[in-house]
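According to TrEMBL, the protein carries these features:
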ACT_SITE  Lys196  active site, schiff-base intermediate with substrate
ACT_SITE  Lys254  active site, schiff-base intermediate with substrate
BINDING   Glu239  Mg(2+) binding site
Amino acid sequence: MYPIKRNRRLRTNEAIRSLVRETIISPNDFLVPIFVVEGKGVKEEIPSMPNYFRLSLDMLEKEVKELWTLGLKSVLLFVKIDDKLKDNKGTEALNPKGLMQRAIKTVKNTCPDMLVMTDVALDPFSSYGHDGIVENGLILNDESSEVLAEMALSHAQAGADFVAPSDMMDGRILEMRELLEDEGFINTGIMAYSAKYASAFYGPFRDALDSAPVNVVDVPKDKKTYQMDYANRFEALRETEMDIEEGADIVMVKPGLCYLDIVRDLKNEVDVPIAVYQVSGEYAMLKAASERGWLNHDAVMMEQVTAIKRAGADIIASYFAKDVVKLIS
Ligand code: PBG
């Protein structure tokens, strides 16, 4: 008696394995998150994100040139601003000479073909560390959406190709799309963080931008009234369909690895590109374990990004982008 089929024949050696491999990672898969700060010559390592840095605008120029030579052609910009500039309405976010607006111009001047996406959310600008305006212990939805739309317009005016609202207010995509159309920015795209879960994996990111919710009375301590409950699956489809109806060009699932079931659900249902954000906590976990010699960094990193793509990601936003590309080139 022999097995009727021998599946192992297709695994005999690397040549046959590579011939039948379904998922191939390339530089085209990646969107590179970048943290920008004021100053000159600043390249500060983020303590909870080893080998990841906050960059001043001059260092951003260098970084962008390096990314381009590596074949990485898209960046996602975040800014860390001084506490003195923060208020409840995130007023500084609309400053035409603000750090984000200057960062967009810096990238475009350095490397005109680099795709520039920008984070649209109030938290880095909010004195309370929330993605919307806080009033009487609540996060205001519609008022926040209006500010977010203004913020998106300001980024478009500075030259952003795509705006990426990461706030999870209801109706903000429509608000943004209409304002962009009215102002003539018909080709500015929207990548909506559609299925964004209230996750503890964002911890290191909040360290990077100093953007965690503050511990003050009448300010919610977490983001659970707007980001999704991680116990829920079907809600992700509702959120995503709504964003697409409102005009999202790309939708996102976030975080990555714990949410690949959601990625596959969406891939089977929607026909716009899906981005997956492999977030700061996922990065920190692998860095920490590999520093201790408990995991093989490069092997686990490749397994993770390949799994994200296999699940259905068309775009991977990842702090590992450079590491991956250097490894595979
Ligand atoms: C906030 C925002 C967060 C991230 C991207 N945009 C954090 C949060 O929602 O608190 C997290 C990214 C990461 O952890 O890498 N608008």
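Using N, Cα and C of the backbone, Cβ positions are placed for all residues, glycine too.
Curation plays no part in TrEMBL annotations; they are all automatic predictions.
Bear in mind that the values here come from a model prediction, so they are computed numbers and not experimental data.
Across the structure, Lys196 (active site, schiff-base intermediate with substrate) and Lys254 (active site, schiff-base intermediate with substrate) are spaced 5 Å apart at their Cα atoms. Non-local contacts of Glu239 (Mg(2+) binding site) by the CB criterion (under 8 A, 6+ apart in sequence, same chain) comprise Ser194, Ala195, Met228. Once Cβ contacts within 10 Å are tallied over all protein chains shown, the active-site residues Lys196, Lys254 are led by Lys196.
Lys196 (active site, schiff-base intermediate with substrate) falls within a strand segment according to DSSP.
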